[in-house]
Every structure is written in structure tokens, then in C-alpha cells.
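Sequence annotations record features per position, and here Swiss-Prot assigns active site, proton acceptor to Lys35, Tyr255. For Lys35, the entry in Swiss-Prot reads N6-(pyridoxal phosphate)lysine, with the evidence type sequence analysis. Annotation source Swiss-Prot lists substrate binding site at Arg130, Met303, citing sequence analysis.
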Amino acid sequence: MKPFPRAEISSSALQNNLAVLRQQASSSQVMAVVKANGYGHGLLNVAKCLNNADGFGLARLEEALELRAGSVKARLLLLEGFFRSTDLPLLVEHDIDTVVHHESQIEMLEQATLSKPVTVWLKVDSGMHRLGVTPEQFSAVYARLTACKNVAKPIHLMTHFACADEPDNHYTQVQMQTFNQLTADLPGFRTLANSAGALYWPKSQGDWIRPGIAMYGVSPVTGDCGANHGLIPAMNLVSRLIAVREHKANQPVGYGCYWTAKQDTRLGVVAIGYGDGYPRNAPEGTPVWINGRRVPIVGRVSMDMLTVDLGHDATDQVGDDVLLWGQALPVEEVAEHIGTIAYELVTKLTPRVAVCLA
């Protein structure tokens, strides 16, 4: 018996998306970003489905250790770097690369006693101003890392874009120019491109691309859809109808009597709510997909349920599947209705939602 609600993860969609991104950046290796539990798709599930990716990017050491425990052998990179000196022996033991972006990390590397050097990707702040060494600091930091016995050579180089998801924004060109001028003629790999860089800024692709949301079939650009690039949504978020009710005109439904029917209709109650990670602020009209058509949410989303207007002549039955987002209803469209981004929707599902390989 299938659980509900459930997030059905398509291995064939993940493989398709990897192939599309390889074609987009044919001279680059692909570091699939699987942080935040594989963007809500299941960390180990995604890594196993993408076993032909060249590497995986993660936010936390614990995520990397989970992949190694699951027999994932590919290159792993901690995108925020290590946080404590006690992390360093684990990086060595499990062959995990680390970003270095702050002087405190350099000090820990210099003071550590390790059995072998750690592979480092030095992050340059080319204009996002969140993490990374500034252009003014770069030469001194690079020299310091080069002199450190605990840093493997060559040192690899990276940056991160602030506005690559705005294809007409010139700032990405400025960041590329800053990074390229600083790192010219230095050895090692270079990685600049996230999903938006890989899809929209081909000159940013470098030795490695780091696609995150695009790997899951979702466009990083507001108003765009992954299908426009040949990507396929990897997640179908599915629940079911647990009640179908006759509803009279002028009757309200749900907490606060937030919505009132203008005419006689049939309402469906769906077993999913904000306790599962579906946003409480989803407004009236946010679509779900039932039996081949879009129907609107009405009333407030509650902890365990939401209500939809099936229409006066609806023939939907208790037990029918309901797609909250997925291949028939792009998560980008749902996010636009709710006033958020697809990243937030897929990563905020709670443990009550079963994540299943389809």
C-alpha cells in the first residue's frame, strides 16, 4: 500500500537532467549539488540515481559522511567548508574536499596535525559579498595556502554568482571578469556556474559546473520552467482525496471562514497540510492536479488538510490521487501562486512525507 502524502522521485528524470546539463556544458565536469537532503528528494536516493555524476556538492560534513557511509565514491565538496578543527581528520579519512572562504579556516589548517593534506577550493568573493576572500585579500591568502603543508596542491578556485538567475543582469559578467582576472594563469580547477550559470551563461561553465535546482528538473529563473530546457521534474508530490462533500452557495469552509462559495459546488478534502510542509499561506486559487485537470485550493491550508473546489459536476471520488506539484503541474507554477520560489517548496517537506523512488 502506497503511503500518502508521498514524494515520488523519478530516477529517469534525474538521469535526463544530468544528460541535459552535460550537453549544455560539454567541456565541464558536473558536481551535482545534493545539499538539504538532495533538495528534498532524499540525499542518498539522489546520489545513487546520479552515480555517473563526477562529484557532489554538500553544505554540511554530516551530509558528506552519509554519502560515504552509503558507498558513494565520487568527489565530495563541502560548499561552506569545514566549521571546526575536529572536522579536518574526517575530511582526510573520508577523502572529502573543502571550500576555504575565511581566515579562521586557514588558521585551523595551519595548526592541524594531519596524516595527509586536504584538497581545498579557495572561494573568491567576486561580488556576492556573502562568503569568500576579497580581491584585495586574494594574493596573500593564496600564498598562505600554498605554503601550508596541510593543503594539497594545486589549490582549486571557485566563486558564486549573485544574479545569474537574471539573464539580462550585467552583474554576472562583472563577477566573471573579476574572478578570471584574479585567477589567470594559476593551476587547479575552476568552478563558477550554478544552475543558472550552466543554463544561461555559457562562458561561466569552467572546469566544473555546480547545478542544484536544475538537477531536479526545475528552472532557477522566475517565470521560466525547467521543461523549456528539456529538464523533467524529478519529484511528484502526491496525496489523495479523503472526502468529497456537497457544498451550498454562500457556505464558508475552513478556519476563519476565509472562503465562501458563490454557487453550489463539490469540495474535496486533500490529506496534506502545513504539517507536511505545504505552505499555510497558499492563497485561494493555488492549483492542484486531480484526474487530468487543475482545480483551485479554497479556504485556509490547515495542519493536515487542504480543501479544493472540484466543481458542481465533478465525479472525483474519495481515494483519488492528488498531485500538489510535479510533471503535470510544475512546481515553478505553484511557487509563483504562493509568492515564493520552487527551492523553498521542495526543501521544506517534513518527515511526514514519505520519499519514495518511483
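Any Cβ shown, glycine's included, is placed from N, Cα and C.
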Determine the minimum-neighbour residue: among Lys35, Arg130, listed as recorded positions, which Cβ has the fewest other Cβ atoms within 10 angstroms?
Arg130
Just to confirm: which same-chain residues, 6+ apart in sequence, have a Cβ under 8 Å from the Cβ of Met303 (substrate binding site)?
Gly273, Tyr274, Gly275
Long-range Cβ environment of Tyr255 (active site, proton acceptor), under 8 Å and at least 6 residues apart:
Gly299, Arg300, Ser302
Distance between Lys35 (active site, proton acceptor) and Arg130 (substrate binding site) at the Cα atoms, whole Å?
18
